[in-house]
Amino acid sequence: MNGGPSGFTNAPVTRLFIVASAIFTIFFGIQGRFGTLGLSYQDIFGKLRLWKLIMSIFSFSSTPELMFGLYLLYYFRVFERQIGSNKYSVFIVFSILTSLLLEVFAVALLKDPTANLVTPGPYGLIFASFVPFFFDIPVSTRFRVFSFFFSDKSFIYLAGIQLLLSSWKRSILPGMCGILAGSLYRLNVFYIRKAKRNYPPPMQSVEPSEDSITTLVSMGFDRNSARQALVQARNDVNVATNILLEAQSH
């Protein structure tokens, strides 16, 4: 399993976010200010350091977190390819804002004036992305190591666990807020997602291109199913992906 074709083809929003995250992390790392980026009760409710809220969206607090975080963001570009850049931008904004609000609420409940309770970084977006990853990305291969069974999705989960536990309680809190934000988006609690459209059958058969078939196969879909979905969607990869995902959910 992989995230489709290598690079950032059809994923400009992901590319912009990854570049911004890397730049901010390197900038604060060079200045030796990693330790100043965490969120505390005093930062939010005492000194009103709103710039920390903004920086916490992009900048990681260490090099290992940056490596695992960017790897996961890079893999999750598959969702931008599935639903399009506009809808993925909505998902990013909703995930970040919702997880930030949840983090602020949690900090307010804990009321520790000295400790940095939340580690910085785009944890909200990353862990919100694990919700559609769990439900919508199919397993393409399974294998066994000693007496344990794994799938190709296991490596993404392991990277996520590593990132979730990287700063222990300080990283678990934003990670859980991200998962909750992703769940709220999927449940469409605030009606952010538009209702699913019923795609009409094509007026005439359109032979899908080999590149489009390869893109869907690389996402883990069966080749024959991918071809049929592309014919129905008139060779539109995004529409075909939605058709395949809807078929899997039934």
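Including glycine, each Cβ sits where the backbone N, Cα and C put it.
Curation plays no part in TrEMBL annotations; they are all automatic predictions.
Feature annotation from TrEMBL assigns transmembrane segment to 12-30, 50-76, 88-110, 122-139, 146-165, 171-192. Annotated domain 'UBA' per TrEMBL: 207-247, in sequence order.
Between the transmembrane segment (171-192) and the transmembrane segment (12-30), fewer than three CB pairs separated by 6 or more residues in sequence fall under 8 Å, so the two stretches do not touch.
The domain 'UBA' (207-247): residue composition by secondary structure is 30 helix, 0 strand, 11 coil, according to DSSP.
Most Cβ pairs under 8 A with the transmembrane segment (12-30) among the ranges 50-76, 122-139, 146-165 are made by 50-76.
Summarised as a single figure, the pLDDT of the domain 'UBA' (207-247) averages 81. Residues 1, 17, 21, 57-58, 69, 72-73, 76, 78-79, 82, 91-92, 95-96, 98-100, 103, 151-153, 156-157, 160, 163-164, 171, 174-179, 181-183, 185-186, 219-221, 245, 248-249 of the same chain lie 6 or more positions beyond the ends of the transmembrane segment (122-139) yet place their CB under 8 Å from a CB of it.
For the transmembrane segment (50-76), same-chain residues at least 6 beyond its ends with a Cβ under 8 Å from one of its own Cβ atoms are 2-3, 14, 17-18, 20-22, 24-25, 27-29, 34-35, 37-39, 43-44, 96, 100, 104, 118-122, 124-126, 129, 133, 156, 159-160, 162-163, 166-167, 171.
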